[in-house]
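Following: one structure in structure tokens, then a few remarks.
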Amino acid sequence: MASALALVSSSLFLTFLSSSSSSSSAELLRFEHPTKHDGSLSLIVVGDWGRKGECNQSQVAKQTAWPESKTRPSRSPSPTSTRPRVFRSNVLGNHDYRGDVLAQLSPVLRKIDSRWLCLRSFILQTEIADFFFVDTTPFVLKYWRRPKDHHYDWREVSPRNQYINTLLQDLDGALKESIAPWKFVVGHHTMRSVSKHGDTEELLEKLLPVLKEHGVDIYINGHDHCLEHISSKDSSIQYLTSGGGSNAWRGTYTPNDDELQFFYDGQGFMAMEVMAASVKIKFYDVFGQVQRAEFNKALRYVYQAKNREMRISRVEEKEKGRNAEDRQIGRVRR
Ligand SMILES: *[C@@H]1O[C@H](CO)[C@@H](O)[C@H](O)[C@H]1NC(C)=O
């Protein structure tokens, strides 16, 4: 699969919850994933693979096995599971849309391998973090208006506006309901990036406000073939790019207004260790060397408090405005 993003977790199983269950915003399918015995989650993020092993793709694949074996529980939990099972949750990228999308989404694939999960947009729930997978390709206008020589498979997506609006509404509802300590949004396209593709304007305009509104902690993406961490200056959101699954070394660097924490232009991947109130992030290169290690505590609470104040003052402003308007209308009517 070209250009997709995988979350590989080393914990035990994935239970399917039927779409008709639970809540009013159940438009997005929900899946449940247990945490490890110590209550944490381990996952690997690989983006933009799919070169038949070339461009260091095989090296990246080989190295992804390394941290996974490191996170294996030392005491064997049960006789039946000597090693933790790995599940791969995928989102489609622009290259996937240039092929037969319906074949890639086919439930037949899960029948062949139950560890595989690929849908357009869905939610993966765990006790400590909710992952919202968002289908970002349809947002990008140029794929619709100026596809050049490419053919994009918009079956079950077109018309664009309706698709995007429904998706944003569903996401908004699901984020509002989420009570997990961490909220992670996963999409193929960049929100913020200093590399070749740069920012995706359509996502900054349409998706980012929804993420900010609900105090999303991290946006994870691929698309730019490198590794990056950028911090938003006016919210708690951290933008993490893990797009180094194959072709890399683009040699482009264009800074933006947000704060660049880390940029590695070569191949590699990202590993995350998520705990209830903190997250460890490591970016690995093709040799399995850690290029960057971070320890982040939940920033959201600080920003949420700030946002709440901002929202309250905005509502008050509005109220004041409305009262003034009412008085005016009253005067005119009188
Ligand atoms: C593979 O990785 C090495 C080490 O980062 C790099 O020097 C080399 O250029 C890479 N090869 C390709 C084809 O990108």
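Cβ coordinates come from backbone N, Cα and C, glycine included.
Feature annotations, reproduced from TrEMBL:
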- 1-26: signal peptide (SIGNAL)
- Asp48, His225: Fe cation 1 binding site (BINDING)
- 60-85: region 'Disordered' (REGION)
- 74-84: compositional bias 'Low complexity' (COMPBIAS)
- 91-226: domain 'Calcineurin-like phosphoesterase' (DOMAIN)
- Asn94, His188, His223: Fe cation 2 binding site (BINDING)
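The two recorded residues Asn94 (Fe cation 2 binding site) and His225 (Fe cation 1 binding site) have their Cα atoms spaced 13 Å from each other. Recorded residues His223 (Fe cation 2 binding site) and Asp48 (Fe cation 1 binding site) have their alpha carbons 6 Å apart, per Cα-Cα distance. Every protein chain considered, the tally of other Cβ atoms within 10 Å of the Cβ of His225 (Fe cation 1 binding site) stands at 24. Here the Cα atom of Asp48 (Fe cation 1 binding site) is found 9 Å from that of His188 (Fe cation 2 binding site). Mean pLDDT for the domain 'Calcineurin-like phosphoesterase' (91-226) in this predicted model: 95. The number of other Cβ atoms within 10 Å of the Cβ belonging to His223 (Fe cation 2 binding site), over all protein chains shown, comes to 28.
Take the CB of His188 (Fe cation 2 binding site) and look out to 10 A: across all protein chains shown you find 29 other CB atoms.
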